[in-house]
């Protein structure tokens, strides 16, 4: 009989692979941003909250750099404020936990609660895109939603084998959020404008010349009062 520990280790390894795939899933988005030199309506929220370990920290730092380079001033300011707030918050948490919690159990509880909160935000952040309002899934990548679902499902199973509430809650909610995203994608996929539709150009219509006739009085030089004035027709061609 296979031991629960072995199953848990296997699920954990698979979870690590899927997590790595989760961090790499936005690569097509940022390749598009680099090519177009514009972030358009893509959001930085998932990147700002997903930096949860060493490998992802490096990957997400690259994403943030690309997003920052091609953002407008408003987005750059927002990112700067959020990153500065995160840095100050993490410093405050570290100092507070080290000085205020004197046992390993209490420190684990405090940090675990924070991990639950930020893990939940990580999964729910793509929902900040106004899919329902715009009736478009253009800025909610399908790959990110699929990998989020697989990642949350795998880590939920991992946490349930040997119950860990701090892993179960955020990843269980992550599965629900990912399902919601996939449902939204299925609903609004057909109403999303295709890229080729956006690039359609109206046919060029050749300008049509218009002939306009103007009747103007022609005066007689010998008649100052114009009593003997005659009329002449002048044809004017107008090119638009």
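Sequential numbering from 1, following the chain as shown.
Cβ coordinates are placed from backbone N, Cα and C, and glycine is handled just like the others.
As recorded in Swiss-Prot, the features of this protein are as follows:
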- 10-48: domain 'MtN3/slv 1' (DOMAIN)
- 110-191: domain 'MtN3/slv 2' (DOMAIN)
- 225: N-linked glycosylation site (CARBOHYD)
- 235: N-linked glycosylation site (CARBOHYD)
- 1-12: topological domain 'Extracellular' (TOPO_DOM)
- 34-46: topological domain 'Cytoplasmic' (TOPO_DOM)
- 68-78: topological domain 'Extracellular' (TOPO_DOM)
- 100-108: topological domain 'Cytoplasmic' (TOPO_DOM)
- 130-140: topological domain 'Extracellular' (TOPO_DOM)
- 186-240: topological domain 'Extracellular' (TOPO_DOM)
- 13-33: transmembrane segment (TRANSMEM)
- 47-67: transmembrane segment (TRANSMEM)
- 79-99: transmembrane segment (TRANSMEM)
- 109-129: transmembrane segment (TRANSMEM)
- 141-161: transmembrane segment (TRANSMEM)
- 165-185: transmembrane segment (TRANSMEM)
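According to DSSP, the topological domain 'Cytoplasmic' (100-108) comprises 6 helix, 0 strand, 3 coil.
If you look at the transmembrane segment (79-99), the same-chain residues 6 or more away from its ends with a CB under 8 A from one of its CBs are 44, 48, 64, 67-68, 71, 107, 110-111, 114. Sorting each residue of the topological domain 'Extracellular' (1-12) by its DSSP state yields 9 helix, 0 strand, 3 coil. The average pLDDT for the domain 'MtN3/slv 2' (110-191) in the predicted structure is 81.
Helix first, then strand, then coil: DSSP counts for the topological domain 'Extracellular' (68-78) stand at 8 helix, 0 strand, 3 coil. Same-chain residues lying 6+ beyond the ends of the topological domain 'Extracellular' (68-78) with a Cβ under 8 Å from its Cβ atoms: 33-34, 36-39, 44.
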